[in-house]
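*Asks:* So Swiss-Prot lists the following for this protein:
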TRANSMEM  11-31  transmembrane segment
TRANSMEM  38-58  transmembrane segment
TRANSMEM  76-96  transmembrane segment
TRANSMEM  105-125  transmembrane segment
TRANSMEM  163-183  transmembrane segment
TRANSMEM  195-215  transmembrane segment
TRANSMEM  240-260  transmembrane segment
TRANSMEM  270-290  transmembrane segment
TRANSMEM  298-318  transmembrane segment
TRANSMEM  368-388  transmembrane segment
TRANSMEM  407-427  transmembrane segment
TRANSMEM  453-473  transmembrane segment
Amino acid sequence: MPVSGEAFLGLLPELVATGFLLVVLLGGVFAGPRSEALVAALAGLGTLASFAAAAGLLAAGFSGTFFGGGYAVDPFALYFKLIITATAFFTVIAAARWAERTGDAPEYMTLIIAVALGGMLLVSMRDLFGVFLAVELATIPSYAMVAFDRRRRESAEGGMKYLITGVIASSFLLYGIVLIYGVSGSANLSRVAEAFGEGLSPVAIVGLVLMISGLAFKVSAAPFHFWTPDAYQGAPTSAAAFLSVAPKAAIFAALLRILLDGMPQAAPTWTALMAVIAIVTMFVGNLLALRQSNVRRMLAYSSVAHSGYILAAFAALQGDAVSSGVQAVMIYSAAYAVMNLGAFLTIDLVGEEAKSFNGLFATRPMLAAAMAVFMAALVGIPPLSGFFGKAWVIYAGAGSGSALVYVAVAALVVNSVLSVPYYFGIIRNMFQEEPVSAGGPAKKGDGGVAFTVYAMALLTALFFLGVGPLAALAAGSGLL
């Protein structure tokens with residue numbers, strides 16, 4: 001099949017990322033031991049160039065389906081590519097000094113770009129086997145990122161647990177895809193939708209459940225969440241921050257495309273399943289987060305709960321609420337990316353234990369203010385980014401007309417209240433407790449981490465200024 005120039009143009013963000021991935025990897029080999037700073041700069045340039053390519057295509061109104069309908073470049077995909085490349089860029093900035101000190105900048109930066117590349121491919125896939133390959137491209141480097149810090153035993157343990165559960169999840173996903181392919185006779189989402197025009201057979205339902213289960217592993221949805229705290233605690237802080245947002249955004253985008261493009265007739269089945277998973281995930285994440293004194297593990301369980309909030313929007317994808325449900329997923333993904341990336345990276349500047357934040361306002365007031373913004377946003381306090389994500393989910397759920405979705409929305413409200421003690425506990429420690437030492441916090445970070453934290457705090461606080469354009473973009477995403 002000949003590849004048109006238009007297809008190459010649509011693939012520009014991925015091609016740019018691939019080119020820089022090779023340059024970064026080979027740069028570490030040929031430039032010698034003093035290439036760490038150069039490699040980090042090239043990685044930052046590559047992720048920024050991919051972001052610019054995606055932004056240019058979006059601004060130009062580019063849209064098309066290529067490779068036999070198996071790959072779509074539309075506003076929906078480009079929106080998520082912007083999230084993925086932006087988080088990759090800021091992760092490179094935050095990780096640069098650490099990677100230079102360890103002498104592993106080429107390898108670490110290559111992994112960041114590889115995860116971003118897999119995510120970009122994933123959000124455009126309209127072929128189920130392509131989805132599987134893109135998921136693997138995004139997750140295999142993730143295993144290495146979690147286990148990357150060879151000096152810490154927890155890193156190896158977290159990486160091993162992540163690898164084992166990831167392999168199980170991939171098996172579920174692939175088996176589900178094979179069942180769907182066997183029943184429908186195609187892996188292309190358009191043809192799958194045609195084959196299931198009159199509803200899903202029992203075998204197809206099993207395949208659907210297995211696919212959703214496999215992807216639920218990847219986004220830390222309960223009961224498939226158990227790898228998350230150990231992986232995030234063991235990973236380098238920049239890796240935990242990046243993996244908590246970028247791959248998850250890509251998985252949510254892929255799941256939206258699979259369900260709405262490939263199985264719209266089965267919406268009553270998968271929306272009910274999503275509602276149940278969402279409710280369980282919210283409660284599991286928040287109840288376990290309440291028990292944590294380690295802030296990194298607390299944020300890991302918090303990420304489980306937020307996956308539940310986003311899955312509640314999936315449950316609302318029925319009736320007149322489909323459009324608002326898609327908007328909710330898209331807006332929440334952007335909102336969560338900025339506030340969670342910043343919250344995780346703040347740990348690098350302060351410390352992992354809750355007591356490390358004691359008296360932070362007295363010693364580093366700007367950093368304390370930034371962390372307070374992140375914690376309040378994760379609760380959903382207006383007008384911060386998290387509020388708009390949750391508000392859109394509630395709005396979509398209210399318009400769904402489903403009693404089960406109403407329960408999921410009520411669970412979201414209850415769990416938001418349930419999360420207040422552990423988020424605001426950090427704020428209380430920073431503003432009311434005595435500093436951990438006379439000299440200030442126990443740990444200081446570098447300029448790249450601080451820059452990223454303050455940038456994310458600013459984006460979190462000013463998110464309301466971009467909600468209108470984001471909502472308009474989501475409404476015209478081209479998915480529906």
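Placement of Cβ uses the backbone N, Cα and C atoms for every residue, glycine included.
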*Asks:* Run the contact check on the transmembrane segment (270-290) against the transmembrane segment (195-215): 3 or more C-beta pairs under 8 Å, excluding pairs closer than 6 in sequence.
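*Replies:* Yes, the transmembrane segment (270-290) and the transmembrane segment (195-215) are in contact.
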*Asks:* So what's near the transmembrane segment (298-318) in sequence-distant terms, Cβ-Cβ under 8 Å and 6+ beyond its ends?
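*Replies:* Cβ under 8 Å, 6 or more out: 219-222, 225, 228-229, 231-233, 240, 244, 248, 252, 255-256, 259-260, 267-268, 270-272, 274-275, 277-286, 288-289, 292, 324-326, 328-329, 332-333, 336, 340, 343-344, 347, 354, 378, 389-390, 392-393, 396-397, 399-402, 404-405, 408-409, 411-412, 415, 419, 422-423.
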*Asks:* With Cβ distances under 8 Å as the criterion, find the stretch in 11-31, 38-58, 163-183, 240-260, 368-388 that has the most pairs with the transmembrane segment (105-125).
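*Replies:* Answer is 11-31, with the largest number of Cβ pairs below 8 Å.
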*Asks:* Excluding the flanking five residues on each side, which residues at least 6 beyond the ends of the transmembrane segment (240-260) place their CB within less than 8 Å of a CB in that stretch?
*Replies:* 72, 76-77, 80, 83-84, 87-88, 91, 94, 112, 115-116, 118-120, 122-123, 125-126, 128, 131, 134-135, 138-139, 142, 145-146, 189, 211-212, 215, 218-220, 231-233, 267, 270, 296, 299-300, 303, 307, 310, 314, 317, 322, 326, 329, 333, 336-337, 340-341, 344-345, 479-480
*Asks:* Considering only Cβ pairs within less than 8 angstroms, which of the stretches 11-31, 76-96, 163-183, 195-215 has the most against the transmembrane segment (38-58)?
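*Replies:* Against the transmembrane segment (38-58), the leading stretch is 11-31.
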*Asks:* Count, for each of 11-31, 163-183, 195-215, the Cβ pairs lying under 8 Å from the transmembrane segment (76-96), and report the range with the highest count.
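*Replies:* Going through each listed stretch, the top one turns out to be 11-31.
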